[in-house]
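The structure appears below as structure tokens.
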Amino acid sequence: MSKIQLVAEAKLPTEFGIFRIVGFEFPDTQKEHVALVMGDINDDKPVLARIHSECLTGDALHSLKCDCGFQLATALRQISEAGRGVLIYHREEGRGIGLINKIRAYALQDQGLDTIEANLALGFAADERNFSVCADIFALLGVKQVRLLTNNPNKIETMKKSGINIVERVPLNVGENRYNTEYLDTKAKKMGHFIVHNNEQHLIACPHCQEEIPKK
């Protein structure tokens, strides 16, 4: 039985609409997670949802080294357009290695390692995250059927094994630019992510991203 607890709840107005922010705590680790909820999610219809792992650099500092910030904004926008849904903000920074170690991994990437090689060089697995807590959060929220906004097959498999019915995978290919194309390529080739890239419709326009993405 899960030890995660629902400990706080309030309204949260955002640029994408008014959500209900729900706070969860896992006593064993003292780790806190939150979910943004919009509309009625307790009927029998599948719920549009996103499991979004924490990324300070992408979500708050607008880093172009990953696609995280773009995925966060797109997911919230799509949930708002649907009028109902859930975004779980999963507090596993840097694929579970933490912020400082992520910066160390970035330094190794500056020297030529890819995102997986950098983690391994620091003594970590390619992905240290545990998504099972997200299934517990869905259960506490009363969500049983999910249309999951993700490119990550591991999230889907973990939810299914934990009793959450994933009725559809909704692709989330956004935010590609010349700084993260190799990162996305690595996730697709080495981690099996369902990523469509080197495609003009997914490229972002910004002052620093005008160069053509190099062909592989």
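Placed from the backbone N, Cα and C atoms, the Cβ positions cover glycine too.
Database features (Swiss-Prot):
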- Arg50, Ile51, His52, Ser53, Glu54, Gln71, Glu93, Gly94, Arg95, Thr115, Thr150, Lys155: GTP binding site (BINDING)
- Cys55, Cys66, Cys68: Zn(2+) binding site (BINDING)
- Asp127: active site, proton acceptor (ACT_SITE)
- Arg129: active site, nucleophile (ACT_SITE)
For the Zn(2+) site built from Cys55, Cys66, Cys68, further residues of that chain with CB within 8 A of the site's CB center: Ser53, Thr57, Gly58, Asp59, Ser63, Lys65, Asp67, Gly69, Gln71
Arg95 (GTP binding site) to Cys66 (Zn(2+) binding site) - Cα separation in whole Å: 12
Rounded to the nearest Å - Cα separation of Asp127 (active site, proton acceptor) and Cys68 (Zn(2+) binding site): 15
For Cys55 (Zn(2+) binding site), the three-state class that DSSP assigns: coil
Under 8 Å by Cβ from Cys55 (Zn(2+) binding site), same chain, sequence gap 6 or more: Ser63, Cys66, Cys68, Gly69, Leu72, Glu93, Gly94
Candidate with the highest Cβ count within 10 Å, taken from the recorded positions Glu54, Glu93, Asp127: Glu54
Length of the line joining the Cα atoms of Arg50 (GTP binding site) and Arg129 (active site, nucleophile), in Å: 15
Pairwise C-alpha maximum, in angstrom, for the residues (Arg50, Ile51, His52, Ser53, Glu54, Gln71, Glu93, Gly94, Arg95, Thr115, Thr150, Lys155) that bind GTP according to the record: 23
